[in-house]
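Notes for the one structure printed next.
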Amino acid sequence: MSGTLKEMRNGGEVSVTSNGGGVRDSYGEDSATEDQLITPWTFSVASGCSLLRDPRYNKGLAFTEGERDAHYLRGLLPPAVFNQELQEKRLMHNLRQYEVPLHRYTALMDLQERNEKLFYKLLIDNVEELLPVVYTPTVGEACQKYGSIFRRPQGLYISLKEKGKILEVLKNWPEKSIQVIVVTDGERILGLGDLGCQGMGIPVGKLSLYTALGGVRPSSCLPVTIDVGTNNEKLLNDEFYIGLRQKRATGKEYEELLEEFMCAVKQNYGEKVLIQFEDFANHNAFDLLEKYRSSHLVFNDDIQGTASVVLAGLLASLKLVGGALADHTFLFLGAGEAGTGIAELIALEISKQTKAPVEETRKKIWLVDSKGLIVSSRLESLQHFKKPWAHEHKPVKGLLDAVKAIKPTVLIGSSGVGKTFTKEVVEAMAALNEKPLILALSNPTSQSECTAEEAYTWSKGKAIFASGSPFDPVEYEGKVFVSGQANNAYIFPGFGLGLIISGAIRVRDEMLLAASEALAAQVSQENYDKGLIYPPFSNIRKISAHIAADVAAKVYDLGLATHLPRPKDLVKYAESCMYSPGYRSYR
Ligand SMILES: NC(=O)C1=CN([C@@H]2O[C@H](COP(=O)(O)OP(=O)(O)OC[C@H]3O[C@@H](n4cnc5c(N)ncnc54)[C@H](OP(=O)(O)O)[C@@H]3O)[C@@H](O)[C@H]2O)C=CC1
Ligand SMILES: CC(=O)C(=O)O
Ligand SMILES: [Mg+2]
């Protein structure tokens, strides 16, 4: 049996003849032999099974009686009709049955691939419960096991095999109008190191937050993983590893692939596509940012987004610890992307507040790396991003000695190494300060410099504590301590939205400072009363709208906006642009 089908595809008429097959095999796919060519069909108007299998439009049991008639769904669904709220209740009930976090992750990814609106509704309405699943810490484990749990591609894989063809690869992605790309090369995934191609979980997770937390439409988001190999022996020897089975390409080969990618992105999506660099190792991250910040709308989340969220927490904390930012002394464990990025933004903010030159304001900020305190006698051997922090001081080896020597009021962990804020270190901070501010930023939870319980117990309840990955509230001597989550997830969704709604063409440090100040302004007295320096994530859509508005305002002020005229009320405008996951009615 043969049949001919015509459809309008990409604006042109396509004719396909199928050969052989049974009664229902109209297009010949089932009966075609392996060496016989067939055409993969899609329909321009989804109905019946294709509608149920299209995650963007599928509503599952929420299709109304009328929609079931009009869209050939009769019999394809059981008779019950659920509204979205009941679907949500059922899914949350099911998710809570899973005891293994990774099972929750795969269930949520399945939902995202089945019913996109319901996935985002769930995430938005249950953000505090589900953030640790789609994001840190569980996303870390998902990346480690990505080869085993991989089902369908959720983003674009661009490997060395695609060299010379990246523009074509971008055109394979089904969405044509992209506003945000999160790209990684998988070399520094959270604090878990080189996970190669399996780092894809990170851009996927970050972009789901762009939508849920920042209201950027899912169809405008593109996760990308650049695969230049991996130096992770365990993955190279893992039969289920999904990436290129070779050592990482470096030097010219690496740079050329990145250059081709950056050019292709701009060529395909235009000047205003936002590119977020994520989880690159620091030996590439700083150079890539430096190279592309003047030609693309780009920022590095680990260097700049993290800096913005930590500065916001510091600004807010002044209400609890007192004094101005310039009155504090900062000590970091970890002098990489996060550490030096945060340090620089603090120095810029102090300089902005006091009018002192940034070379001066840097002197209140000290960093420890794997070799000890960064001091001037080490200058020659330091990586370029550490050099501004090499102050005059005698060499100091360990963190405890550095705390004793520098006497910081604020201790920030950005080392990627867990358990490094020891009892002695926390006790030393508590001995020096009435209210020591301790931030353990490293992710996932296993890499946190200390736990919330350790921070509160060892400081005898004095510490103000926040961490990159969430901790449950802690009871100490009859009092409940709630810690905040110092994570760039507070910043990048609203920051990105602000850039998009203003039509920004470049990112500037002033925009990051605006985002920090906007986030700090969202901390309420009620939050402060609980010792929190970040507002709860349950309000994140409102917070993101405020961040977006202040970032957009800065973009307009700097003359870098292209969406003109400038809307009068930027908060309202940001809110009006946000994606909402409620179902639409189909005619
Ligand atoms: N909460 C958040 O929002 C964010 C958290 N992070 C987390 O921060 C961590 C670090 O990320 P990033 O800055 O990009 O990583 P980098 O690799 O760029 O930097 C790590 C730094 O830690 C230092 N270090 C490593 N081990 C030790 C040790 N035992 N003692 C002292 N210093 C040490 C390294 O020293 P050396 O230079 O000598 O090798 C380096 O300076 C990760 O866990 C990441 O998940 C990152 C971004 C955002
Ligand atoms: C949060 C984040 O970006 C990181 O840990 O790398
Ligand atoms: Mg990151």
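For all residues, glycine too, the Cβ spot is worked out from N, Cα and C.
According to TrEMBL, the region 'Disordered' annotation covers 1-31.
Feature annotation from TrEMBL assigns compositional bias 'Basic and acidic residues' to 1-10.
Taken from TrEMBL, the feature domain 'Malic enzyme N-terminal' covers 112-293.
Taken from TrEMBL, the feature active site, proton donor covers TYR135. Within 10 Å of the C-beta atom of TYR135 (active site, proton donor) sit 27 other C-beta atoms, taking all shown protein chains into account.
Sequence annotations record features per position, and here TrEMBL assigns (S)-malate binding site to ARG188, ASN443, ASN487. DSSP assigns ASN443 ((S)-malate binding site) to coil in the three-state reduction, placing it in neither a helix nor a strand. Residues within less than 8 Å, Cβ to Cβ, of ASN443 ((S)-malate binding site) and separated from it by at least 6 positions along the same chain comprise THR136, PRO137, GLY140, LEU190, GLY191, GLY468, SER469, ASN487.
Residues annotated as divalent metal cation binding site in TrEMBL: GLU278, ASP279, ASP302. In three-state terms derived from DSSP, GLU278 (divalent metal cation binding site) belongs to neither a helical nor a strand segment and is classed as coil.
TrEMBL lists 303-556 with the feature domain 'Malic enzyme NAD-binding'.
Of all the binding-site residues given, namely ARG188, GLU278, ASP279, ASP302, none has its Cα within 10 Å of the Cα of TYR135 (active site, proton donor).
Taking the mean position of the Cβ atoms of GLU278, ASP279, ASP302 as the divalent metal cation site, the remaining same-chain residues with a Cβ inside 8 Å of that point are THR184, ARG188, ILE189, ILE202, PHE277, PHE280, ALA285, ASN300, ASP301, GLU337. Each residue contributes its Cα atom, and for GLU278 (divalent metal cation binding site) and ARG188 ((S)-malate binding site) these two points are 9 Å apart.
Here the Cβ of ARG188 ((S)-malate binding site) has 24 other Cβ atoms within 10 Å, regardless of which shown protein chain they belong to. Among the recorded positions TYR135, GLU278, ASP302, ASN443, the residues whose Cβ sits under 6 Å from any atom of ligand 1 are ASP302, ASN443. Taken in sequence order, the recorded positions TYR135, GLU278, ASP279, ASP302, ASN487 that lie near ligand 3, meaning a CB under 6 Å from one of its atoms, are GLU278, ASP279, ASP302.
When the recorded positions TYR135, ARG188, ASP279, ASP302, ASN443 are checked against ligand 2, ASP279, ASP302, ASN443 have a Cβ within less than 6 Å of one of its atoms. Within 10 Å of the C-beta atom of ASN487 ((S)-malate binding site) sit 25 other C-beta atoms, taking all shown protein chains into account.
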